[in-house]
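Here is the structure we will look at, set down as structure tokens.
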Amino acid sequence: MLKNDLFLKALKGETVQRPPVWMMRQAGRYLPEFIELRDKYDFFTRCQTPELAAEITVQPIRRIAPDAAILFSDILVVPQAMGIEVLMKENIGPFIPNPIRSMADVQRVYVPDIQESLGYVMDAIKLTKEMLNDEVPLIGFAGSPWTIFCYAVEGRGSKSFDMAKGFCFSNPVAAHTLLQKITDTTILYLKEKVKAGVDAVQIFDSWGGMLSPVDYQEFSWKYINQIVEALADLTPVIVFGKGCWFALGEMGKSRASALGVDWTCSARNARYLSGGNITLQGNFDPSRLLSPIPTIKKMVHEMIDEFGKDKYVVNLGHGILPNIPVDHAKAFIDAVKEYGQ
């Protein structure tokens, strides 16, 4: 039995004393103990070594004590498993030496055997669950098919992802074939994560906001919703679309347990657009953690007042930044725990 199930209660829409809190990228570069391991091991070694991934996952639980842990991994382990080479380059970030630019390229990409290619993730989950000792729930995650597609076609991060969008518009059959392969792989991957022991999953649609509302339905939401439908009976599913406020209405009608919101959408608008019945997660501007601690606490309390304490998970509107002082991150978590006291 979980000692702290506040997060799962909020996902079910149950009444709570206070909302739960965790932070995207909470196992990250703002923690000195994370930096120590980063300096010793390269990025994918940390992802692919269960002992390292588990240790990194529990670091923030010890240090700042959020109400949920999120497995340390990366969305790009999925395309790696599908036969796409992915490197992590200094000062560039994700880099794909042979991006996908044709139907022939798409046909070389395959839906893998998950245990064979991503078994190390399942081992990390089992190890993390042991280390957490039922203190808090564990979240597993995956990138949205569109977000994975963006990297696979563009070959690296981009301000506009015009190659990826251009591929959709000029070669829609190939684009949809690739998106479906990514979707099928992601469903199998998340199902294995649930079997391995995660308590909830989150889909990160980091680049969904690059698309117009019409294109979003065709190239992103259609595929995310397949994942939601496939997982909803097995585990709570959170969908986080950065910059996707325009899709909250459609998302709110889905079987997702919660929707993540970024800081460009007010609590009032998010509640209104999503239909008012679904749990929302967010949406503190990560840069605001650079504010003085009393300001952070005041703003967090105001944010909870705006969203309401029920059907709400306190989080940032995107991942925590590397330059945030640890005591500021802790103040964010503490502010939620002090709410209403």
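Keep in mind that glycine also has a Cβ here, set from the backbone N, Cα and C atoms.
Note that the structure is a prediction, hence the values are computed from the model and not measured.
Annotated substrate-binding residues in Swiss-Prot are ARG25, GLN26, ALA27, GLY28, ARG29, PHE44, ASP74, SER206, HIS318, and among TYR151, TYR272 the one listed with them is TYR151. Considering only the residues assigned to substrate binding, ARG25, GLN26, ALA27, GLY28, ARG29, PHE44, ASP74, TYR151, SER206, HIS318, the longest pairwise Cα distance works out to 23 Å. Contacts of SER206 (substrate binding site) defined by a Cβ separation under 8 A and a same-chain sequence distance of 6+ are given as ILE75, GLY143, SER144, THR147, LYS242, in order along the sequence.
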